[in-house]
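Straight from TrEMBL, the features:
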TRANSMEM  B:7-26  transmembrane segment
DOMAIN    B:60-244  domain 'ABC transmembrane type-1'
TRANSMEM  B:68-86  transmembrane segment
TRANSMEM  B:107-135  transmembrane segment
TRANSMEM  B:184-203  transmembrane segment
TRANSMEM  B:223-243  transmembrane segment
Amino acid sequence: MTSIALRKDIPSAELEKSQIAFSHVTLDLGGKTIIENVSLDVKPGEFLCIIGASGCGKTTALRLAAGLYQPTSGHVSFDGEPMRAPRRDVAIVFQDYGKALLPWRTAAGNVALALETIGMPKAQRPARIDELLKKVGLPNHAAKYPAEMSGGMQQRLQIARCLAQEPKALLMDEPFGALDAMTRQGLQDEVLSLLDASKATVIFVTHDLEEAIYLGDRVVGLLPHPGRIGIDLPINLPRPRDQLTTRENPEFLRLRRELFDFIKASEA
Amino acid sequence: MNWALTLWRLASFAVAAGLIALWQLIANLKLVSPVFLPGPDRAWAALMRGFSNGTLLDKTIGTLEHMFYGWLVASVVGIALGAMIGSSRAMRSYVAPSLEFLRPLPVSAIIPVAIALFGLTQGMALFVIAFGAIWPMLLATVHGFGAVEPRLYEVARSLHMSRLAVIFKIALPSASPDIISGMRLSLTVSLILAVVCEILAGLDGLGHWVLLSARAFRSADLFAGVILLGVIGYVTALAMSMIEQRLLRWRTSGH
Ligand SMILES: Nc1ncnc2c1ncn2[C@@H]1O[C@H](COP(=O)(O)OP(=O)(O)OP(=O)(O)O)[C@@H](O)[C@H]1O
Ligand SMILES: [Mg+2]
């Protein structure tokens, strides 16, 4: 728990409650059990990373957290309320950013979609759009269409739209999976500094073990067929994290080894 | 790039000019009797005469009106119906096959039905044109609404967008390339059917003008009418593709 307190100042009473809670969640899809008996508590402000072999159910778990799927048995709750449908204060960043943006709207228009829907008066929107695009490092691209932007820029734009929802929780499904290593590391740091400011709870799915350790307060590993929790590690690395020193930290290397062994065992 | 384009334009003008010259040559040599084939000079004179005394302008406006109203009704009904069918998977799988069955039905087959229902009236023309023009639009809209990226619907759910907002902000713009190309096809169909209806029902328009000119062996007037029909077809198609380019800028804009 110290790791959470390190990242941001959250009253200790808040830490007692969980924001996203899975309790004995099982999900069947197409006659197959995809997720089996998963129980998981995510505290407000916590940065939880989910790792696991391909096809183990990471995306499915995230969609359950988003309310896009309903469990076959057990339940998912958010701030103590059952999650029966997607909520506006839970934003989801999809891996396939190209499909999650409106290609006929400019960058500004895509952010505006969220602002329109939360009912922000028209007069206030331009300032907010500027602020959000600046936050994700796209201040000079407001008039560009997604087709005119690189993959990294499109993913930033999707994150800006999600932030426009003013989410209490941000769910990210391999958001940087399709990007090159340099872009990826840059975005990792940007996400960390953005979320430090917003105090949002994060569930971050990745198959990159180092990315999970670098970003997270905690890493949960799923076992495949059906998806179950196989490992749950707190990450006690100091913040702010740094691409060089954090990755050279002996604790980082130890955690990487532990997760690597876990993945290897889970695939066997 | 621009040079090549200019060259192409010049070449196509040259071809057109060559064809007109050939036409003039054939007419001058009287290879075809002047009763049937006027030269471009006489056709042009007839065109000018028709416009200066106002008759051809009236006919042109008449045809444009028939075409446009029919097309408008077809657009409104086609897009609304297409949106309804296309946005529900169940409707798509139940209704789409019968649409595919109805579509190849030649419109000429329903003209007698329309005449029986409405008589030889403007209402008949409107019905026939709208009925014929609705298919490309309807099918394109059904397809467009059915092909909306499911991820975008999930974005909409996560934002709690209203049903109306989902239609107008997501489904309709996403289907717009399909809808617009359907509208363009329908425009051509509308023009053809407008002429057919004018001929059948004697409604004021270029179709009727062409028919009367042919009956009276006024071949120059006939050609003037045909040329005008060609121009209408060309100009409306051009306008449509300009609108299309304007509306679909987001699609063509590359890196
Ligand atoms: N709608 C569905 N119907 C049936 N099976 C599904 C469905 N969605 C996912 N599955 C199956 O559930 C399993 C987990 O899928 P999921 O997409 O959650 O895996 P993942 O861990 O995200 O994989 P990846 O790392 O490749 O993204 C897979 O075996 C997949 O085939
Ligand atoms: Mg996945």
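Each residue, glycine too, has its Cβ placed from N, Cα and C.
Counting residues 6+ beyond its ends, the transmembrane segment (B:184-203) has Cβ neighbours under 8 Å at 62-63, 66-68, 70-71, 74-75, 78, 107-108, 111, 115, 120-122, 124-125, 128-129, 132-137, 140, 210-211, 229, 232-233, 236-237, 240-241, 244 in the same chain. Sequence-distant neighbours of the transmembrane segment (B:7-26) (same chain, 6+ residues past either end, Cβ-Cβ under 8 Å): 32, 37, 39-41. Below 8 angstroms of C-beta separation, residues 38, 42-43, 46-47, 50, 56, 59-60, 63-64, 67, 180, 183-184, 187-188, 191, 195, 206, 209-210, 213 of the same chain, each at least six residues beyond the ends of the transmembrane segment (B:223-243), sit close to that stretch.
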